[in-house]
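Working notes for the structure below.
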Amino acid sequence: NQTAMNEFILLGFSYGLQVQNFLYLVFLVIYLLTVTENAIIIFVVKRSHHLQKPMYYFLGNLSFLEIWYVSVTLPRLLFGFWSQSMTISFSSCMTQLYFFISLMCTECVLLAVMAYDRYLAICHPLRYPAIMTDKLCFQLSVLSWAGGFSISLVKVSFISHLTFCGPQVINHFFCDISPVLNLSCTDMSLAETVDFVLALVILLIPLLIIVFSYSCILSTILCMPSAQGRRKAFSTCTSHFTVVIIFFSATLFIYARPRRIHPFNLNKIVSVFYAIFTPALNPLIYCLRNEDVKEILRKIIGTSCSA
């Protein structure tokens, strides 16, 4: 006889109280920093007429996404540290899983869209304004969000119909696919296959678009006669390319392999990197590597100080 569970226990970071207090402070600072950094980028993009370009429109979308990305996992983790209660209901677990996977899938597509935008700007500069119109920017952003949330709906619907009957401990700090599937006491081969295939689709298709775009960009840049032109073209791509490498290296490691071969403690460490640290690093990467954003920030800070 099997009794379906209606709640789970998130194992999280099971260390001593002093270590947990330290982690609470670290994650709280990272959460506040991430929200603040990305909110500043959204504010700067909206306020500056100089940044009313497709590249910064998509950057604003990415910053908005990153705020929600960390908000899906970190507040629940911080509450667990504070209350010492790590239980989560089945419905809350599925909701957290759905929104986390949705935002991750959306980011995959959005990074591909940003690479395509850079491809058009550098490889087809004369046709760029006619192609990358406000309407197309809006359509591509809607495609990113709708595609990510739709794929996640399929993945989570298969997982939510499984039966979970114990043990009820999830060896993770949030409801992620691998540790949740590991608790199923019914045949999960179909759900696992669907999840694996969709993970390959949502990761590899955007990655192929990014590789194609940057191959064309690199070829075009190397053919430029002016060294200054090459430097300027490189400067518009390096920040995005850095974010792509960080994001896809971690997500491919976690989600593009069959679930059963994953060492869960290693998954947890990698998940901390891409689910917590990466959203905090992305705004810094864009601000430090993008001259336009840095210049606008200097002007805003200078105006605020003089006032």
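Yeah, the Cβs are placed from backbone N, Cα and C, and that goes for glycine too.
Going by TrEMBL, these are the annotated features:
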TRANSMEM  22-44  transmembrane segment
DOMAIN    37-286  domain 'G-protein coupled receptors family 1 profile'
TRANSMEM  56-77  transmembrane segment
TRANSMEM  97-116  transmembrane segment
TRANSMEM  136-154  transmembrane segment
TRANSMEM  196-221  transmembrane segment
TRANSMEM  233-256  transmembrane segment
TRANSMEM  268-288  transmembrane segment
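Here the transmembrane segment (136-154) sits against the transmembrane segment (56-77); at least 3 CB pairs are under 8 Å, leaving out pairs fewer than 6 apart in sequence. Between the transmembrane segment (56-77) and the transmembrane segment (268-288), the number of CB pairs under 8 angstroms, six or more residues apart, is three or more, so the stretches are in contact. Below 8 angstroms of C-beta separation, residues 55, 58-59, 61-62, 65, 68-69, 72-73, 140-141, 143-145, 147-149, 151-153, 155-156, 159, 174-177, 180, 202-203, 205-207, 209-210, 213-214, 240, 243-244, 247-248, 251, 275 of the same chain, each at least six residues beyond the ends of the transmembrane segment (97-116), sit close to that stretch.
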